[in-house]
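Notes for the one structure printed next.
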Amino acid sequence: MHHQWLLLAACFWVIFMFMVASKFITLTFKDPDGYSAKQEFVFLTTMPEAEKLRGEKHFPEVPKPTGKMLSDSRPDQPPVYLERLELIRNTCKEEALRNLSHTEVSKFVLDRIFVCDKHKILFCQTPKVGNTQWKKVLIVLNGAFSSIEEIPENVVHDHEKNGLPRLSSFSKIGIQKRLKTYFKFFIVRDPFERLISAFKDKFVHNPRFEPWYRHEIAPGIIRKYRKNRTETRGIQFEDFVRYLGDPNRRWLDLQFGDHIIHWVTYVELCAPCEIKYSVVGHHETLEADAPYILKEAGIDHLVSYPTIPPGITMYNRTKVEQYFLGISKRDIRRLYARFEGDFKLFGYQKPDFLLN
């Protein structure tokens, strides 16, 4: 009996020592600095296959721009700009919106970002949101022209002549350095109003005489999404809405190429959850935001934003209602489902007057 007790005690001792050793091993190999949560920028299409960063789902580290950095401690900092950045940070953390708020920092994104090395500025292009005027500002800053008035309209979007390099043209190290240290900004507007502007500009008026929108893209959308196949009218906004709200539109997007930049989401264009922007301007308050951005970038003494015609940046609910009139609630809800991330990231009110 005495031997049985000794044997039992020995077994308990072995088990106890094993548990202590396991705990010690766990503590020894635990990552003390939390490197498992270290954030990285993802470059999938610009780097060789072996250099792709796989599986990263974390948020980027806070960069340290060489220009003026937004800070909660600055007494002269208008709270609206801090609130916008805080809203983006909080929305990026919402797991339910991850598929609508996150994207890889791919070549498509890097192609949208224009570089001014002289003044350490990055500008992410968001078409139909005063993008042309901001490109003119950067063209002057880069030294291609001495004033905005001298820039020919046909040069602004000619990237072989306007002197604006894209971020994608730099090495991986050069890209990362600029993303971490430069002043970065982009402009947004109400997502649905932007889609209306894109439709009017590319399929109705087409002031730059870009025939591929009417002759190639429009017919492709009509063939796929028009309900009444006997109707011979050109593309209608209803066709456009069905295309944009279709979860299976990807094959058409691939055919349309980079022309889709005029209507894809801000998330797809600028990756706001992956890149820590210094300022996000709003088209609706551009009269105040443009001078503020120039000041924060440290260039307000060098260039001015072109004069903004009165009322042109105001949100026009009546126009939005008119364009969506007659479009089914199902199609509008599908459209909102795609752009919900943009609405929530940038604080735009859900358009219940269209959805309900």
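Backbone N, Cα and C define each Cβ position, glycine as well.
Swiss-Prot has this to say about the protein:
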TOPO_DOM  1-6  topological domain 'Cytoplasmic'
TRANSMEM  7-27  transmembrane segment
TOPO_DOM  28-356  topological domain 'Lumenal'
CARBOHYD  Asn99  N-linked glycosylation site
BINDING   127-133, 189-197  3'-phosphoadenylyl sulfate binding site
CARBOHYD  Asn228  N-linked glycosylation site
CARBOHYD  Asn316  N-linked glycosylation site
Restricting the comparison to the glycosylation sites Asn99, Asn228, Asn316, which residue's C-alpha is spatially nearest the C-alpha of Phe192 (3'-phosphoadenylyl sulfate binding site)? Asn316
Quick check for the class: what is the C-alpha distance, in angstrom and rounded, between Pro127 (3'-phosphoadenylyl sulfate binding site) and Asn316 (N-linked glycosylation site)? 18
Of the glycosylation sites Asn99, Asn228, Asn316, which one sits closest to Arg194 (3'-phosphoadenylyl sulfate binding site) when you measure Cα to Cα? Asn316
I'd like to know the mean pLDDT over the topological domain 'Lumenal' (28-356). 86
Identify, in sequence order, the residues in the chain of Asn228 (N-linked glycosylation site) that are 6 or more apart from it along the sequence and have a CB within less than 8 Å of its CB; answer 'none' if there are none. none
The one of Asn99, Val129, Gln133, Asp190, Phe192 whose CB sees the fewest other CB atoms within 10 Å, among these recorded positions: Asn99
From the Cα of Asn316 (N-linked glycosylation site) across to the Cα of Asn131 (3'-phosphoadenylyl sulfate binding site), what is the distance in angstrom? 19
What count of other C-beta atoms do you get within 10 angstroms of the C-beta of Asn316 (N-linked glycosylation site), across all chains shown? 13
Among the binding-site residues Arg194, Ile196, which residue has the largest number of other Cβ atoms within 10 Å of its own Cβ? Arg194
Just to verify a number: CA distance, Ile196 (3'-phosphoadenylyl sulfate binding site) to Asn99 (N-linked glycosylation site), in angstrom, no decimals. 24
Hey, how far is Asn316 (N-linked glycosylation site) from Asp190 (3'-phosphoadenylyl sulfate binding site), Cα to Cα, in Å? 10
As a whole number of Å, the Cα atom of Asn99 (N-linked glycosylation site) is distant from the Cα atom of Asp190 (3'-phosphoadenylyl sulfate binding site) by 20
